[in-house]
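Below: the structure, in structure tokens.
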Amino acid sequence: MPENVVDGSVARRSREDGMAAAWGCLWGIGLTVGFYALLPYFNRYWPQADRYFTAHWVEYATCGLFFVGIATLGAKAWRLPAERQALAAGLLDGLETNPEAGPVDTVQRLGAHLRLVARRSQNTHLVQRLTDICNYVRGRRSADGLEGHLGYLAESASGRLHDGYALIRTITWAIPILGFLGTVIGITLSIANITPDQLESSLGEVTAGLAVAFDTTALSLALSMVLVFSTFLVERQEQGVLDAVEDFALDRLVGLFPAADKRPAESPLLAAQQSAAELLLRKTESLIGWQMSAWQASLEELRDRWSGTLSRQQQSLDDALQAGLTHALTDHAQQLTAVRGEFLQAFERAAGTLADKMELSVASLAEQQQAGIVQLHETWQTLRSEWAETSHRHAEQLGQFALTATDAVQSWQGQLREATAAMTDQLAALKEQGSVLLRIVEQEETLVRLEDRLAQNLEAVRVVESLEETLLNLNAAVHLLSTKTRAKAA
């Protein structure tokens, strides 16, 4: 009978814990949906919210687990005020006791008093502890072993309390693991996106992968710290409630059954059962302690393994980045050296071609200038010979005229005026020829200046033509270098 009663109480508490966990999961999902629905409004005050909560699916999973844990803790914390109120209400105040009454009568009065006074506190630890004690005494029809049963109920409540936080401890353990998983995924994405041939274009993808790696770790560690401290506070408060319930039961309930202290000595069978139960409890405690130490060692080993894996991944990433950057920079340096050599060779060829053409232009211009000078000299010699002949002819004519005038002066007296007029005309003609000769001399200077200007214009034309050919050669060389560079880059 008592075992069935205790099993029923344990089953009821297990169902309540299961319902609390289920409601915690549902509320956690609702909180997650509400948080992501309100996240765009948070961006006004915290622009980096999207980066830490929506950049990768690991961040969604981390936030979901965090809100499930917070909702579960909230459900547990919601019941604490009612527990405190039940402890402070003095539920056994006003209970009439009869020292001569039996345990069964005392239990009946206690049950009726609880149904009358504690209607609103039926689901609290205190009322359920009192109900379990009433069921125990009613089933055994005796108060023997009540203190031991109270200790058993306290240990069972502590065990259920510890089991009730199993989901939260699992979430607290899983959130950092998700962060490390995001780190591994981000580092893997960064390594996969490294392309040494196109390092500048792939640098954005590499940094995005590294951002995912470190953002997920930072988010998971921050949320796990919040969850751990919240769990510590709520669990400590609930453990304090259980301790207060145990103290209340030992102080108030044991005094309701004074006959239990006057019982005769225990039988050998009962002593053997108690020793076996104590041995079982010690073995169970040692087994639980061993299991907890093994679990702690496994967690430490897992943490060390994750730390070593993360260190190795970081070292591999550093080596890969250094090797990729070194290889890419070496390739760029070689390509720049080759392009520079080709450009210098093309420029030297173009400069040589330009120098040759300039030399040819200068030689041609010198030849043309020499030919012009020769032609001008020949023209000057021709004009000079013609002027000399004209002067000699006029001198001969004047000599002949003088001889004729001397010989026939008497015959020319009548024609003196005509001769004088003729001489005047000849002098005018001579003056005109002199002016013509002066103009010829001035034209010679003009021709020299024109020749110099013509030479300068010809030289400028040659230089312009040579520069145009040089620019065409340079454009062709640059086009050839661009084609080769694009071919190498592809």
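Heads up, the Cβ atoms here are built off N, Cα and C, so glycines get one too.
Given the structure is predicted, the values throughout are model-derived calculations rather than measurements.
Counting only same-chain residues 6+ beyond the ends of the transmembrane segment (20-42), those with a CB under 8 A from a CB of the stretch are 49-50, 53-54, 60, 63-65, 67-76, 164, 167. The annotation transmembrane segment is assigned in TrEMBL to 20-42 (among others).
If you look up TrEMBL, you'll see 54-75 (among others) marked as transmembrane segment.
The domain 'MotA/TolQ/ExbB proton channel' annotation in TrEMBL covers 149-236.
Within the same chain, residues 56, 58-59, 61-62, 65-66, 68-69, 205-221, 223-224, 227-228, 231, 299, 306, 309-310, 313-314, 316-317, 320 sit at least 6 positions outside the transmembrane segment (170-192) and bring their C-beta atoms closer than 8 Å to a C-beta of that stretch. The transmembrane segment feature in TrEMBL is assigned to 170-192 (among others).
Among the features that TrEMBL reports, transmembrane segment is placed at 212-234 (among others).
Under the heading coiled coil, TrEMBL lists 440-484. Beyond its flanks by at least six residues, the coiled coil (440-484) meets 339, 342-343, 346-347, 349-350, 353-354, 357-358, 361-362, 364-365, 368-369, 372-373, 376, 380, 383 of its own chain at Cβ-Cβ distances under 8 Å.
Nonlocal intrachain contacts for the transmembrane segment (54-75), taken as residues 6+ away from its ends with a CB within less than 8 angstroms of a stretch CB, comprise 20-21, 23-32, 35-36, 39, 167-168, 171-172, 174-175, 178-179, 181-182, 185-186, 211-212, 215-216, 219-220, 223, 226-227, 230-231, 234.
When pLDDT is averaged over the coiled coil (440-484), the result is 74.
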